[in-house]
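Below is one structure; the comments refer to it alone.
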Amino acid sequence: MVGRRGKPRVTPRRVLASKFSQCGQRPFPVGRNRTERIMERFVKETRINTTPEKLYEWHMQPGAFDKLVPPWQKVEVLERPKKLKEGAVLLMKVYAGPIGVRWVARHQDFVEGRQFVDDQVHGPFESWTHTHEFLPDGHGGAILRDSIDYELPAGKLGEVFGSWFARRMLERMFNYRHEKTAAELEGDQTSAVPPNWKDESSRAQPNRHKDG
């Protein structure tokens, strides 16, 4: 682990930001409900005791996606690329309760050691773009930043994936993902995800702070 015996110390890991914002409006296409649809944005940042390059490489490895799926989220991977690269496609089925929706995501906009993007080609949202960024923190460590720009769907799916539901889902999911990633990179897999972590919608999951 970076920052332990015999190695340079880096700034302790901590959550830097976790927030939502509205980043614009678009009218529905002609022939649909003319109520304006709002583009939402979710951003989560966490400082991790590693380098941006190692953080990027970890996400590129086979099996990284499976490790980041929370235990309460049912996901069936139907088809996956052998290697993450420009234009590669992941096909999966994601469940919200008993409802399963096919989700096709395209990997794109790769910047070696710094970022890549997952863009929804088909799925439960009207649009969904997930930008993964791996940035230097200026103190020998790295900042893991996940930015999601999304539009909720219209109709019945929009009722299921409503604004409140989507926000709760993203908060819980990325709390877990960042803790899991930090555990993998910092070599302490027992501290990231408590054994009593439960799928309780009313329970706010704490962000665990850890010194290097």
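Glycine is no exception: its Cβ is also placed from the backbone N, Cα and C atoms.
What TrEMBL annotates here:
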type     : residues : note
DOMAIN   : 49-173   : domain 'Coenzyme Q-binding protein COQ10 START'
REGION   : 183-212  : region 'Disordered'
COMPBIAS : 197-212  : compositional bias 'Basic and acidic residues'
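Averaged across the domain 'Coenzyme Q-binding protein COQ10 START' (49-173), pLDDT for the predicted model comes to 92. Helix, strand and coil residue tallies for the domain 'Coenzyme Q-binding protein COQ10 START' (49-173), in that order: 31 helix, 54 strand, 40 coil [DSSP].
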